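Some features that TrEMBL has for this protein:
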type	residues	note
DOMAIN	52-153	domain 'Cytochrome c'
DOMAIN	206-323	domain 'Cytochrome c'
REGION	326-346	region 'Disordered'
SIGNAL	1-22	signal peptide
Ligand code: HEC
Ligand code: HEC
């Protein structure tokens with residue numbers, strides 16, 4: 001009788017104590033690998049933010065007249081209502097052309113070690129110069145883009161306010177600076193996982209915690225770590241097992257094109273997993289629409305492991321806890337055309 005009571009007491013005690021201890025252990029391990037998104041935008045080196053510069057950057061981000069057709073803006077492919085991506089396998093650009101890669105999210109991209117799937121732009125400022133002049137994205141010529149901005153009267157004041165004392169303030173470099181400062185505001189704090197990292201043990205459900213434990217134990221966090229749960233390093237897609245050609249077409253050699261090094265063949269920037277539940281389809285080819293299948297593919301290609309259905313479900317539940325507060329962006333009123341503003345190219 002006494003023994004029965006003691007056993008009952010012990011198991012009761014454990015039932016209470018075990019989750020608490022497990023939570024503490026999970027929290028300690030998580031804090032070594034991840035950190036929460038801050039609630040205020042980070043400062044960019046050499047490109048200080050001001051309200052006028054952020055506002056200009058936002059205006060440019062939404063201005064389709066930066067494209068030759070006047071139909072495509074940054075927001076066409078990085079739609080802030082779609083998690084900062086475009087819900088397309090690969091983006092539709094100038095003359096309905098499709099690019100070769102999936103549009104990554106702009107949300108939290110300020111925290112990535114470099115920009116693009118292959119890291120070819122060192123930061124947001126450098127990146128912002130790419131799409132405007134990319135023939136299959138916005139297809140403007142560099143001089144055309146600057147001439148266009150100069151021919152829209154409202155931009156004179158907006159650039160002068162954002163870059164006081166500079167003559168001439170309207171340059172492509174300044175446009176890139178303003179866009180970068182705006183993009184730095186596109187951060188998503190307060191995800192359930194961030195609240196967990198800050199010490200709120202109830203912020204994650206039991207199954208999300210089991211998914212987090214698997215994420216750590218299986219080795220996902222060896223690559224997807226840091227503030228962006230990714231975005232901090234490069235890795236070979238197919239490290240353990242090469243994926244099929246639909247996911248890894250042989251002509252896109254990834255980072256090798258940037259570094260010219262054979263060992264960087266099929267190496268890509270490890271993407272952020274923040275807001276991943278909002279940004280299907282997945283991978284640089286955009287060939288996978290189902291997050292569960294993307295997780296299972298990662299198990300096979302990166303870890304050499306056939307994950308069970310239960311483990312895939314738990315990992316996917318954890319990934320759902322990475323969705324943060326989406327930026328509240330009011331749509332800017334774009335300065336109207338002037339008499340000399342060029343018309344859209346056919
Ligand atoms: C036609 C679609 C399209 C347009 C327009 C476009 N982008 Fe992109 N963006 C992409 C694609 C596709 C990639 C990935 C390309 C690659 O990695 O080679 C990308 C990559 C990026 C990245 C890198 C994110 C990361 O994690 O690596 C940022 C930031 C970005 N774009 C911002 C912008 C800005 C700012 C503009 C406007 C000046 C813009 N984009 C216009 C399709 C587009
Ligand atoms: C060895 C490094 C590595 C490991 C380990 C790893 N990944 Fe990845 N992950 C990557 C790389 C690189 C990509 C980009 C692949 C590409 O080129 O499309 C990626 C892509 C993803 C994507 C698609 C993201 C997007 O925006 O398209 C998801 C989801 C993902 N990983 C989840 C996981 C999970 C879950 C695990 C553990 C089961 C895991 N990863 C393990 C390196 C890794």
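Cβ from N, Cα, C; glycine included.
Note that the structure is a prediction, hence the values are computed from the model and not measured.
Beyond the ends of the region 'Disordered' (326-346), by six or more residues, the same chain brings 55, 58-59, 62-63, 65, 68-71, 80, 83, 107, 139, 144, 147-148, 151-155, 158, 185-188, 275 to within a C-beta distance below 8 angstroms of the stretch.
Per-class residue totals from DSSP over the region 'Disordered' (326-346), listed helix then strand then coil: 0 helix, 0 strand, 21 coil.
Taken residue by residue, the domain 'Cytochrome c' (206-323) breaks down under DSSP into 51 helix, 10 strand, 57 coil.
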